[in-house]
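K.L.:
Just dropping this structure here.
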Amino acid sequence: MSWNTFGRVLRFTTWGESHGPAIGAVVDGCPPGLALAESDIQPFLDARKPGQNKFTTQRQEADEVRILSGVFEGKTTGTPLSLLIENTDQRSKDYSEIANTYRPGHADYAYDAKYGFRDYRGGGRSSARETAMRVAAGAVARLVIPEVSIMAYVVEIGGDAVDPANFNAEEIGRNPFWCPDPEAAKRWEKLVDDARKAGSSLGAVVECIATGVPAGWGAPIYAKLDADLASGMMSINAVKGVEIGDGFGAARLTGEQNADPMRPGNDGPRFEANHAGGIAGGISTGQPVACRVAFKPTSSILTPVESITRDGEATEVRTKGRHDPCVGIRGTPVVEAMMALVLADHKMLHRAQCG
Ligand SMILES: Cc1cc2nc3c(=O)[nH]c(=O)nc-3n(C[C@H](O)[C@H](O)[C@H](O)COP(=O)(O)O)c2cc1C
Ligand SMILES: C=C(O[C@@H]1CC(C(=O)O)=C[C@@H](OP(=O)(O)O)[C@H]1O)C(=O)O
């Protein structure tokens, strides 16, 4: 992987700023001959797009994707795919106040420290508007791994967790929180709305499970599947923690508790547990690949926070404009996309070496 592309065989990069005319992705290394149309990508973008309900940012974007290259007569040609979404609801004037002040927790200071010059309009390149293009690239990746099903959902908001006994996969698309527990989803309506009205924000934990991943994807040392998953998830805006399988919980178990016992099965081993999250030695075991991703609370909040100006003077920042009160909610389709991109890349890497 290079510093500005993700993936080794199926590679992608994105471009564009939140308040520029458009955002885009280039996906390279896609196998030829896959049937691909905008309609294969759009449903995933619709799941992530802003302005859907009061629990997300009020910015209105249609997020309609166009495929500009790499497809001929409805099939991928094996040449770079170029995907484009026009920005239509920038309203850049909202952000004039942050031109000379730093929003604590956002990337304003760090970008200035690095580049000495930044597009402050809505955070420019650091805005999670960019994640729309990852979702588009992820939709392409899914076509490379039709044997895999990926499901991500929110398991915790503001410290309030779902009850595993209430888990119902069909609930996930029915409520605005991608929540598998209808009772938790009900509680979260008030929780998130109260935070928003109070000018505050909340963090969230997203779980992602990929089933159908065969044993053998991954690589032992430098391209471990778990390391690439962690890198992919950690590269999502506002992600502050990634756990594979039991993650930090594994450190509190004994060896016998943490083992994933194996018994003879009809088609390979039958595992009696999955503490490892479907990965051992950097390589998939054939069990579900499972991870958890921690999103921090949105940094742009109406409650004043101490900060400094670009000239180093003390000030207070109270961020107006359109913001997600809990970014983990719309982060969920992005987590799925990164899972798809990592798995598709590793499928192709595995084929390249092992056939
Ligand atoms: C889907 C999504 C939506 C987001 N929406 C906002 C937002 O409305 N306001 C905000 O301040 N941060 C938002 N963020 C988080 C910022 O983009 C992120 O905090 C910022 O880029 C700094 O990066 P870091 O938090 O990873 O250090 C969002 C993140 C995601 C994944
Ligand atoms: C526009 C989107 O989300 C944005 C993510 C974001 C941020 O700071 O990450 C800040 C807000 O907007 P802006 O970039 O205009 O300041 C969100 O509305 C989107 O997800 O499509």
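Every residue, even glycine, has its Cβ placed from backbone N, Cα and C.
As listed in TrEMBL for this protein:
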type	residues	note
BINDING	Arg48, Lys54	NADP(+) binding site
BINDING	Arg125, Ser126, Ser127, Asn237, Ala238, Gly281, Lys296, Pro297, Thr298, Ser299, Ser300, Arg322	FMN binding site
K.L.:
Helix, strand or coil at Ser300 (FMN binding site), per DSSP?
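P.N.:
Going by the DSSP assignment, Ser300 (FMN binding site) belongs to neither helix nor strand, so it counts as coil.
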K.L.:
Listed FMN-binding residues Arg125, Ser126, Ser127, Asn237, Ala238, Gly281, Lys296, Pro297, Thr298, Ser299, Ser300, Arg322 - what's their greatest C-alpha to C-alpha distance in Å?
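P.N.:
The span, Cα to Cα at its widest, is 44 Å.
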K.L.:
Any of the binding-site residues Lys54, Arg125, Ala238, Thr298, Ser300 with a C-beta atom under 6 A from ligand 1? Give them in order, or none.
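P.N.:
List returned for ligand 1: Ala238, Thr298, Ser300.
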K.L.:
When you measure from the Cβ of Ser127 (FMN binding site), how many other Cβ atoms are you left with inside 10 Å?
P.N.:
21
K.L.:
Where Ser300 (FMN binding site) and Lys54 (NADP(+) binding site) are concerned, what is their Cα separation in Å, rounded?
P.N.:
16
K.L.:
Checking proximity to ligand 2 here: which binding-site residues out of Arg48, Lys54, Arg125, Ala238, Thr298 have their Cβ closer than 6 Å to it?
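P.N.:
Once distances to ligand 2 are taken from each Cβ, none falls under 6 Å.
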K.L.:
Output the one of Lys54, Arg125 that, of all these binding-site residues, has the highest number of other Cβ atoms within 10 Å of its Cβ.
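P.N.:
The largest 10 Å Cβ neighbour count belongs to Arg125.
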K.L.:
Other Cβ atoms within 10 Å is the metric here; tell me which of the binding-site residues Arg48, Lys296 scores highest.
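P.N.:
Result for the most crowded candidate: Arg48.
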K.L.:
Please state whether DSSP places Ala238 (FMN binding site) in a helix, a strand or coil.
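P.N.:
Assignment for Ala238 (FMN binding site) reads coil.
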K.L.:
Using Cβ-Cβ distances, find the residues under 8 Å from Ala238 (FMN binding site) that belong to the same chain and are at least 6 apart in sequence, listing them in sequence order.
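P.N.:
Non-local contacts for Ala238 (FMN binding site): Ala128, Phe295, Lys296, Thr298, Ser299, Val327, Gly328, Gly331.
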K.L.:
Work out how many Å separate Arg125 (FMN binding site) and Arg48 (NADP(+) binding site) at their Cα atoms, rounded off.
P.N.:
18
